[in-house]
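Read the structure below first, then the notes.
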Amino acid sequence: MKGKRIIFMGPPGGGKGTQAQRLEDTFGIKQLSTGDMLRAAVAAGTELGKQAKAVMDAGQLVSDDLMIGLISERVDQPDCANGFILDGFPRTIPQAEALESLMADKGMPLDAVIELRVPDELLVERITGRFACAKCGRGYHDTYQRPKVEGVCDACGSTEFKRRADDNAETVVSRLEAYHRQTAPVLAHFEKTGKVHVVDGTKDIDQVTADLVSILEKSTAAG
Ligand code: ADP
Ligand code: ADP
Ligand code: ZN
């Protein structure tokens with residue numbers, strides 16, 4: 001069951017982060033969210049963060065060169081030795097091609113590409129209601145996923161929460177446009193691997209997790 005390498009595709013607000021956090025424990029593999037990495041760089045004020053901030057606030061995509069460099073270094077870290085779930089990468093065809101070649105070079109075969117499919121009309125509400133624990137990053141939603149105890153993080157007990165600067169109704173429009181124009185073609189690109197699975201992301205959160213676990217238990221790099 002261990003050693004899985006999975007790519008999570010899906011629109012902004014589709015549920016990638018929520019599901020990836022759950023699969024980390026189930027399969028003992030690391031969630032690699034390029035959005036989280038970029039937000040950490042912005043908060044830390046690094047050179048990468050300075051370059052990424054305005055692009056993210058506009059709902060556009062950070063350059064392929066920066067993103068490919070970031071992921072290439074990240075998968076070499078020891079916490080990825082058992083495998084990883086890529087959440088938010090690749091988002092363009094050049095990123096997909098670079099990923100395939102770097103995984104081949106590093107001897108890291110791909111097990112599955114998952115498309116979490118959710119229609120646009122559900123995404124604005126998902127995104128504008130999203131918040132997360134300020135301490136551990138656990139994701140929540142104003143309507144669909146409130147903490148079990150009001151105001152207290154289920155995972156770590158923290159009472160501080162945060163919302164993303166780009167989770168507003170205006171930026172969502174640009175992000176959805178970027179998804180359809182630049183990221184959706186990546187799914188067609190992966191079709192030839194025979195490893196793409198489409199999951200209905202409109203079901204409730206527990207049902208989506210159950211569907212994912214059942215697919216991933218069966219999928220292996222061998223086919
Ligand atoms: P992504 O990482 O794909 O951008 P998230 O996992 O952050 O998406 O989910 C976006 C918001 O929608 C979050 O607030 C999350 O709690 C909520 N959410 C995730 N999956 C579902 C679902 N199946 N049904 C309803 N709300 C969901
Ligand atoms: P969501 O899942 O809601 O779309 P993310 O947290 O994955 O949001 O990404 C937030 C922002 O970070 C994106 O709108 C984009 O500006 C930037 N970003 C994240 N991943 C990538 C990537 N692979 N390529 C280019 N930009 C990225
Ligand atoms: Zn927490």
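Every residue gets a Cβ built from N, Cα and C, even glycine.
When secondary structure is read from DSSP and collapsed to three states, Lys16 (ATP binding site) falls in the helix class. The Cβ of Lys16 (ATP binding site) lies under 8 Å from the Cβ of Phe8, Met9, Gly10, Ser33, Asp87, Gly88, Leu116, each of these being in the same chain and 6 or more residues away along the sequence. The ATP binding site annotation in TrEMBL covers Gly13, Gly14, Gly15, Lys16, Gly17, Thr18, Arg130, Lys203.
Around the Cβ of Val62 (AMP binding site), the same chain contributes Leu38, Gln51, Ala52, Val55, Met56, each under 8 angstroms and 6 or more positions distant in sequence. Annotation note: Val62 (AMP binding site) sits in a coil segment as assigned by DSSP. What TrEMBL records for Thr34, Arg39, Gln60, Leu61, Val62, Gly88, Phe89, Pro90, Arg91, Gln95, Arg164, Arg175 is AMP binding site.
Proximity of Cys156 (Zn(2+) binding site) to non-local residues of its own chain (separation of 6 or more, Cβ distance below 8 Å) is seen for Cys133, Lys135, Cys136, Arg138, given in sequence order. Here TrEMBL flags Cys133, Cys136, Cys153, Cys156 as Zn(2+) binding site.
Note on the domain 'Adenylate kinase active site lid' (130-166): mean pLDDT across this stretch is 97. What TrEMBL lists as domain 'Adenylate kinase active site lid' is 130-166.
For the region 'NMP' (33-62), the residues of the chain that approach it from at least six positions outside its boundaries are 16-17, 20, 70-71, 74, 86-89, 91-92, 137, 164-166, 171-175, 177-178, 182, judged by C-beta separation under 8 angstroms. What TrEMBL records for 33-62 is region 'NMP'.
According to its DSSP assignment, Arg91 (AMP binding site) is coil. Neighbouring residues of the recorded Zn(2+) site, listed in sequence order and excluding Cys133, Cys136, Cys153, Cys156, comprise Ala134, Lys135, Gly137, Arg138, Asp154, Ala155, Gly157, Ser158 (Cβ within 8 Å of the Cβ centroid). The 6 Å Cβ screen around ligand 2 retains Thr34, Val62, Phe89 from the binding-site residues Gly14, Thr18, Thr34, Val62, Phe89, ordered by sequence position.
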